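For 7-156, the entry in TrEMBL reads domain 'Phosphotyrosine protein phosphatase I'. Annotated active site, nucleophile per TrEMBL: Cys13, in sequence order. Taken from TrEMBL, the feature active site covers Arg19. Marked as active site, proton donor by TrEMBL: Asp130.
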Amino acid sequence: MATSGKKSALFVCLGNICRSPIAEAVFRKMAADAGVVEKWVIDSGATSDWNIGSSPDARGVACLRKHGVETSHRARQVTNDDFMTFEYILCMDESNLSELNRRANLVKNAVAKVELLGSYDPKKQRIIEDPYYGSDEDFEKVYEQCVRCCKAFLEKNS
């Protein structure tokens, strides 16, 4: 568990500009709406170093705003410390999962539970596909999957 004594979740995708910032923002709003956001450390990160410091994809930001969700996240890469301080690391696809598990095995005091965010989906859509090369509809699908998964994850952890 995070050293602060709070529950903690890190949402991860390849570049930290599409899927994981959407998941982070959705979960933060759900936790706020449920009155428990102060009990959580919530962040997102990337397995790659491609977009460090970048804002989320404009299409993702527009999708979030359409649903009344804001984000001010800047992309960052997952660090070794993340495996020691986050209770949950929730990723979007099998490639993220294998990379995070590989990295976790190199961290001596890793405590994070690395899982697919989609494993919480009541509709059983385990993979949240990267919308980067897609359309606005693909971002909307990511948003809807994140809503379902984050709701189930929050319910399980409240």
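Heads up, the Cβ atoms here are built off N, Cα and C, so glycines get one too.
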Among Cys13, Arg19, Asp130 [active-site residues], residue with fewest other Cβ within 10 Å: Asp130
Euclidean distance between Cα atoms of the residue listed as 'active site, nucleophile' and Arg19 (active site), Å: 6
Cα separation, Asp130 (active site, proton donor) to the residue listed as 'active site, nucleophile' (Å, whole number): 8
Mean of the pLDDT scores, which run from 0 to 100, over the domain 'Phosphotyrosine protein phosphatase I' (7-156): 97
